[in-house]
């Protein structure tokens, strides 16, 4: 389990002081001023208050304001990097490690939404425990020395169920969401006030010594405001004034709100925001959502945004005047239970983020962006010193430079020996061609679609297109199962499901249609959510249809079958006739036409409506609903069609096993379990088995690719929905050319495979052994092929040229605040995950190696000593750094530019696997 990392109190205080001195030096302070400022408002006070809420402050109280250039922390402009991390998409035990990895990656701020439906599941009943313990999360952020950006909303979107709105909200008489509607405004104000009051009570605002420096009201309302006319405008203005009236003492923002009032900072959400400017000169340029990836839908390919393009977008933002940028997401996490949004969004919210769904660093994205953040921080004294616009120099038809300095810079001459603070960004926005540009008395080569950062207006510290970070290959990869579930087995194999799972499975059949005393009958088709109140994905509709002998004879003579049609369904509809599944339809408000086999006499017709995440985006969410719309008709009878819409329908909410809680360890006696036999696959079946936990502390993943669709519980915890829906064969390419504007369909992967096979099981939900796994399976599958794995980087690799930049650690700030670099050779760095060591070097070559990670090969030029030298430096260590130089390896081929390529294997301390238990 993750634990909060911290040195002893005295050492930590010294570290805090050192960090403060570095910050003040970045701001251009003298050494004397830095020491004087050490007792000022920016000092972090450590050890006085932990996450148990004890007395004292995390920081010396400080004010947060802003000017046209930046957010001001304690009166000082800051260039801030923010990391999006939604607390309910991880477990509390994961939070300390995740926050620490955000900080290590260069983040100053943690950003999160506040999820209304998680905190107020029933009207007036509040919940702030477990994954929804917002106060604990905020205190952990502060304990790590980071700031918090709290996006209260309370509309979140976030690909979260119903956009974060509680479903009970739609039942309030006369309510209309997100417009000038009194019932809605009253509930919104009550909840926002609740959150603000709680934050004040816990002393979490900056002026109280807490971490919160920014807040958001509403969310992307400008995208839909036009749908509401003048009522939308009035609502937006009301929301702003309501927020300001809460007297939080820190700035409020509204994203994608070009008409935001003067007192509110309007901000940008997009893949690129370098061209964005707020609606007033008095406001700083803030990027609230930098989409560094994208979400996935069931049956879709997996989005991927290359690290080079993500870095390019961020560098351009700061180059052109940006001051605070937030990665959406830096850690995406998991839509546990039924929190995934709709329509049809998957359980994983990995988002191709720098930290993956399980909390492991995604390399090279995390490392490349960390290097970018370091380079930007080296430029911070220059960036904050410019009050107006930087110097702009046109370097070519598609090349440009922005120069930030404390005085006028003559860009035609060398900056060597110049004492003033100066940093420059050189951009090549050509998508295809390299460019050689002349500035500062020398030539610089710019790859296509890239930015070079020169913290001293002379030396390049970083280029967005040249990756120096390692690449990691995981034991569990998204979209890499050995089985495709397009063709389900018709016979169960009853073979071993892996080294941790029991080979014994038990089954229990789910009742089709009505099963309990809480069912009711009414004429007509009722709207799904009006009946279920979203306490279950499932709603049964059952009626009876009388079929005459004339109908049967008619079908026999024509060689046809009657069909059931429904005008519109969402998300999944299943049709049962006399207890047997006849067919299904999947889609968002699509029509259904299902041929069915009816017999003479009374036939029981049962429809099952299934929700796969409530709509999370758009106008008029309260009207979107679920279930069926329009007419339900039986066609193809001898006397014509029969309209069943207004028939007497019996309604049953949920599954019998679900409401009997047969997934809970203490409720195993509530179902009639029988040992699974080698038999035909049956839909609507519950399965259970026992399993042991993989040794160590690595995250745990379960492969459900052999199953169809359903839900999975571990020790009573609903890990989420699963569905082995296959993505189309087309839409992915074998290689990804990142230059050029990115969108979510560019560089997709996983075509022709199930969108999600692997599912996260948090370790804190597990015991060492005798863990209970329960599945509800709707369509049929083979549970004996389910497997369990520990998730970690099994292979790390890197390739660095001898002409790469010096390591960023060679840079520092002089007392004047000017950036300076010491002469240093490039370095190749490798690092395994926490608790793992480099166990073997599987490839190493200094010379002219070819290929990439997992595909390296030696070239004609190769230093024979490479493998031995790299092995000596790295094996047995968690991380290592090797100078890329002839001084280390000798010169195997004079006059030839050489690279060092290394591939290494990472291993946990112990790879011994627990024997699986039997039930």
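We number each residue from 1, going along the chain as drawn.
Glycine residues also receive a Cβ, built from the backbone N, Cα and C atoms like all the rest.
Going by Swiss-Prot, these are the annotated features:
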- 220: active site, proton donor (ACT_SITE)
- 822-907: domain 'SUEL-type lectin' (DOMAIN)
- 63: N-linked glycosylation site (CARBOHYD)
- 412: N-linked glycosylation site (CARBOHYD)
- 530: N-linked glycosylation site (CARBOHYD)
- 546: N-linked glycosylation site (CARBOHYD)
- 855: N-linked glycosylation site (CARBOHYD)
- 1-31: signal peptide (SIGNAL)
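Here the features listed in Swiss-Prot are placed on the structure.
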{"residue": "63", "record": "N-linked glycosylation site", "CB count, 10 Å": "14"}
{"residue": "220", "record": "active site, proton donor", "CB count, 10 Å": "18"}
{"residue": "412", "record": "N-linked glycosylation site", "CB count, 10 Å": "10"}
{"residue": "530", "record": "N-linked glycosylation site", "CB count, 10 Å": "13"}
{"residue": "546", "record": "N-linked glycosylation site", "CB count, 10 Å": "11"}
{"residue": "855", "record": "N-linked glycosylation site", "CB count, 10 Å": "10"}
Nearest to residue 412 (N-linked glycosylation site) in three-dimensional space, by Cα, is which of the recorded positions 63, 220, 530, 855?
63
Summarise the domain 'SUEL-type lectin' (822-907) as counts of helix, strand and coil residues per DSSP.
13 helix, 33 strand, 40 coil
Rounded to a whole angstrom, what is the C-alpha distance between residue 855 (N-linked glycosylation site) and the residue listed as 'active site, proton donor'?
44
Which state, by DSSP, holds residue 530 (N-linked glycosylation site): helix, strand or coil?
helix
Have a look at the recorded positions 220, 530, 546 and say which one has the shortest Cα distance to residue 63 (N-linked glycosylation site).
220
According to DSSP, does residue 546 (N-linked glycosylation site) sit in a helix, a strand, or coil?
strand
State the Cα to Cα distance, in Å, between residue 546 (N-linked glycosylation site) and residue 530 (N-linked glycosylation site), rounded to an integer.
29
